[in-house]
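> OK, TrEMBL features for this one:
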type	residues	note
ACT_SITE	E475	active site, proton donor/acceptor
DISULFID	C124-C148	disulfide bond
DOMAIN	40-162	domain 'FZ'
DOMAIN	189-505	domain 'Peptidase M14'
SIGNAL	1-18	signal peptide
Amino acid sequence: MQLGLLVMFLFWAKTSLCVPQQNCHPGDEYLGRCSNSAYEEKPKCTELNLGYCNDMEYSRTIFPNILGHRTRLEAESGAEYLLLSVIHGLLNGECSPEIRLVGCSVLASPCRDDKMVKPCRSTCEALRKDCTHAFEAIEMAWPYFLDCDRFFASDQEGCFDPLAGLKARQEQALSSLSPQEPSTIIQFTYTSNAQMYSILKRTAAKCSHISHVYSIGRSTEGRDLLVIEFTNNPGQHELLEPEIKLVGNMHGNEVLGRQLLIYLAQYLCSEYILGNQRIQTIINTTRIHILASMNPDGYELAASEGHLLNGWTNGRTNAQNIDLNRNFPDLTSVLYRNRRSRHYRTDHIPIPDAYWFGKVAPETYAVMKWVRSLPFVQSASLHGGDLVISYPFDYSRHPLEERMFSPTPDEQVFKQLARTYADAHATMSNNDTERCGASFYRTRGIINGALWYSFAGGMSDFNYLHTNCLEITVELGCDKFPSEAELYPEWKRNKEALLSFLESVHRGIKGIVKDGNGNGIKDATISIRGVRKDVTTAEDGDYWRLLNPGTHIVTATAKGYSKVSKRVYLPHTMSKAGRVDFVLQKVPVEPDIDDHLFPTSDTWDRFDPYNQFEQYRDPDVGDSGREREEKPWWWNYFSQSGISPPTWLLRNV
């Protein structure tokens, strides 16, 4: 019995006194919550000698530090220090050097009289408020060692502000700036697809009150077709607020439009925050959708060659070798075949079932679903190869004529849209015969698409004939892949044109079509006398109709309701759309022969009737039977470094 008690005592003594506890979380040991050692080491001041922290405002630090690192070498070998060394690149320069400086103040806190001085909690809280969005944009959790409650102190406890010196230098630099210098800072370089996604996501997070990003689908190789939206109520359509879209990089090797749209997104966000009244008015009254790259796969190929080696066509098509601007349903030919029929509608033409038997690119499919799902009013597609604005129709009304003037019923409105961009551009509309695009100097930089050269299956013709949207094609310059040195000059040439185009959506008339009970009528038709192109109302009965100044007879109709017409005068001095509402009374529905001879509304809803693009995939299941979650792209920085992987940076852990 005594021998048994002795054995139990020796076992207890060995486990309690000789073996250190190994269950501490980072930082808990210093805070006294646990111990990883049987022997306590007295903290003492030492020279600050951490490479990425040597520019701190102090020269002495203390070990063990607050995270439990006992030596400088142990601190340098940790994931925390590695994160501080790469954070500038991961966040693409955002919140830099603030994140690094505050992180260093935790990793190597200042030391006075062998006592640690903790960084200020107020500094940490302000940093987290300003920079959380940058981590969210790359799907990274906020670092545990920047926990403002655990590792920081209040002003009353006596703390150190690691950003005090930086703030003082920034204030001095700002005081020396002249008022004329730009307040929005943009990095005018080319961006990879990963960088583009990161910039757009960070921009949306930074301006989350006016912006958000969403995907409309994926490319052939699985890359996101990412859209960033700007409006004062992001994520939903607002009654009477017009929707406008800008599309870039449809041809992967025409890269300038892609970069301009990335810069535009950053500019809109920054200038809105800075109080730019013009930008605030645009965003508060308009819903803007920007698809910077419709063909990220083609861009990947073009960018791999660079601007010096890239040919005229390398990367133009998608990964299936499909030219996306020839891949849309050819509704123009359908229109030409039926144009002599008095009853045939020239708007909202259904997609022929035969189209789905051809090769439809996933990028084309995604854009078609997108333009059908939102009530877009106008649009611009940004290309390269010349300096001109072209507008529909792009397909000649005579198939044997390669260059033939082929106007839409909205010829004058399209010309005005084209003029808006061309005249606001620095050089597009001038009469310099030596410039790029000199062949268009007589028309001051605009031309009917089919008169320039004819092609079928274009996106602009599809927008016009299948939806309410009027789209122009902007050819930004003769060089499809200009050098990086040209990006800033091109931004200066196009910035005003882009903003003017956004503002031009507030032209013509808008209103709501209601029934006798005040409820909006969906899919009511708005007709303009003398213009054989109608628009339809959105979900809540609101509509927008681009019109030039003058007198117009406007008629609202809907199946099962009366017809109402109004005379509208739009003066040249109008700076915003005129409001024209309609109230329609219910009437008995009478059979209409046109519904049988020329059906449109029912067949317009037929989209992908054979479910050709429904994609099914088996989930990636691990050994445990649970679906594997793909690690974010930045995980390789840590997993291949030889250190213990920092799972605390994963948001789903």
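Note: Cβ is positioned from N, Cα and C throughout, glycine not excepted.
Tell me what's around each of these sites.
Counting every protein chain shown, the number of other Cβ atoms lying within 10 Å of the Cβ of E475 (active site, proton donor/acceptor) is 25.
Spatially close to C124 (disulfide bond) yet at least six residues away along the chain are V102, L146, C148, F152, judged by Cβ distances under 8 angstroms.
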> Suppose we draw a 10 Å sphere around the Cβ of C148 (disulfide bond). How many other Cβ atoms does it contain, all chains included?
18
